[in-house]
Amino acid sequence: MLKNLPRVLLFAFFSELLLSFLYICVVALLSEYAREIGSSGTFIGLIASAYSVTELFSNYFFGWLSDKYGRAPILAICDLALALCTSITGVVSNKWYLIIIRLITGLFSGILPVGQAACSDLAVDFEQNNIYQSYIIISQGLGCVFGPLLVIILSLLNFEFRGFCLISGLLMFVLSLIGIIFVKETRVFKRPKIHEEKEKLNQNDLDLVDIVGSDDNEEKDSKKTVEKETQQDKKNGDQQDQKNKEEKEDQKKKESEKNTKKKLRFKDMFNKDVIILIAMNYLLLLPLSIIFTILPLLIVDVYNKNPNIYSNIIMFLHGSALTASCLIFYPFLIRKTNNVFAWNYSLIVQIICFIPVGFITNFWIFFAIYAVYIWHCCVNAIQVIAFLIFRSTVGMEGQTVGLSQVFQALSRATAPIIGMYFYEKGILYVVIFMASVFIFLLPFLYFTDIPKLLKRKRSNENADNK
């Protein structure tokens, strides 16, 4: 599956895989470590949330940087910084230093929008973009699969948190070095320039053959040689004129590109489609975030299970279902049907899954329903990002995806407020109903208009009209 991918996408895949893996493992182990170094309950909560606070800014910021400087170098910088921060996390023994390093770690966690923007750069059509986006989600799923397993193993072996951080930081450092040495920038806007240079080289080779041919004819016929030399001089003069003309055109093109970049402003990112798709991305994650918020309480209060063990079981299921859906279900669904059917069908199944959850008291029935939900939620998650990039302003793909990830982070921030308010009131079914309502709103927002969306062209009209 991965062997035919461009190197920059492989780099993005493994960067997101390691980031997801580290996030799950560190969050699971950080609370106990914070307690060991003398943090109180409230301060432990601050340490846990510090990463997410600065993550809000990093998603858009690094998306913007990748639009300006390329995807590969920004990925390498993020990996290198995360390697350093992760290693330091396991070394600090002061609670204030720990919260500072978690804030800095969050600042360099903007890998996801850069990887998703790289997918759009290298995809030759909309369908290939969908496939590439699914690979990025697969990397997150694999992190969710192996993260909980490692946490359980480390708990059984009584492995120290410091050792885990140092080993993880070393892995991230090695990945960043591989990216710096072997991964070159391959953004689409650089390709035509490369092709033009190759065509010039090929033309020079043809001219060289003509010159050699004329030298051979000189020995046979001096008159023809003189004529050919005259023609060659004329040709060289024409070529020089053409070269000067091309240089002027290239200079104009560079100036035009420079002016276009100057014209692109934050407001140029937005059009009707982008605004609605970002809102849909927020609503799509909100139900899942609500369930994640109340899940530990559900496991204890409703299912009477050990939250440490069964929360990791759910997380393992989450990653497995996510990965399997991207690898098997989503390609099959798109191949056999179309984007409109896939979207509406997946939403309907998710709504059906939410209806009985508030009345179920058996953990394993909940386990099965949750698997079906994640299996179908993945389809919509891929589609939203693919359509968002498809309708983004040319040259601002990274910023657009980064802004969408900011709203996803806001979704994770608002979900606990919604979920815990109703859960504390003792009306669990209202929590589930609220989650299903958010999903139910999605098709009415936009996706009944998918056929028209596909016919629209990506444009830079906002900047061009200025």
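Positions of Cβ are set from backbone N, Cα and C atoms, glycine also.
Marked as transmembrane segment by TrEMBL: 7-30 (among others).
According to TrEMBL, the feature domain 'Major facilitator superfamily (MFS) profile' maps to 8-451.
Residues annotated as transmembrane segment in TrEMBL: 42-62 (among others).
Beyond its flanks by at least six residues, the transmembrane segment (74-93) meets 8, 11-12, 15, 18-19, 22, 26, 37, 62, 65-66, 101-102, 104-105, 107-111, 114-115, 118, 161-166, 168-173, 175-176, 179-180, 183 of its own chain at Cβ-Cβ distances under 8 Å. Per TrEMBL, the feature transmembrane segment maps to 74-93 (among others).
If you look up TrEMBL, you'll see 99-123 (among others) marked as transmembrane segment. Among residues of the same chain six or more beyond the transmembrane segment (99-123), those with a C-beta under 8 A of the stretch's C-beta atoms are 6, 8-9, 12-13, 15-16, 19, 23, 30, 43, 46-47, 50-55, 57-63, 66-67, 71-72, 74-75, 77-79, 81-82, 85-86, 88-89, 92, 129, 131-133, 135-136, 139-140, 186-188, 385, 389-390, 392, 397-398, 401-402, 404-405.
Here TrEMBL flags 135-155 (among others) as transmembrane segment. Tertiary proximity for the transmembrane segment (135-155) is limited to same-chain residues at least six positions away from its ends with a CB under 8 Å from its CB atoms, namely 1-2, 5, 9, 12-14, 16-25, 28-29, 112, 115-116, 119, 164, 309, 312-313, 315-316, 318-323, 326-327, 378, 381-382.
The transmembrane segment annotation in TrEMBL covers 161-183 (among others). Tertiary neighbourhood of the transmembrane segment (161-183): same-chain residues 7-8, 10-11, 14-15, 18, 21-22, 25-26, 29-30, 32-33, 72, 75-76, 79-80, 82-91, 154, selected by CB-CB distance under 8 Å and a gap of 6+ residues from either end.
For 215-259, the entry in TrEMBL reads region 'Disordered'.
The compositional bias 'Basic and acidic residues' annotation in TrEMBL covers 220-259.
Taken from TrEMBL, the feature transmembrane segment covers 274-297 (among others).
Away from its own ends, the transmembrane segment (309-333) comes close to residues 1, 24, 28, 131, 134-135, 137-138, 140-149, 151-152, 295-296, 299, 303, 341-342, 345-346, 363, 367, 370-371, 374-376, 378-379, 382 of its chain (Cβ-Cβ under 8 Å, at least six residues beyond either end). According to TrEMBL, the feature transmembrane segment maps to 309-333 (among others).
If you look up TrEMBL, you'll see 345-367 (among others) marked as transmembrane segment.
Taken from TrEMBL, the feature transmembrane segment covers 373-390 (among others).
Taken from TrEMBL, the feature transmembrane segment applies to 427-448 (among others).
For the transmembrane segment (7-30), the list of distant contacts is 47-48, 51, 71-72, 75-76, 78-79, 82, 86, 89, 102, 109, 111-112, 114-115, 118-119, 122, 132, 135-136, 138-140, 142-144, 146-148, 150-151, 154, 161, 164-165, 168, 171-172, 175, 178-179, 182-186, 312, 315: same-chain residues at least six beyond its ends, Cβ to Cβ under 8 Å.
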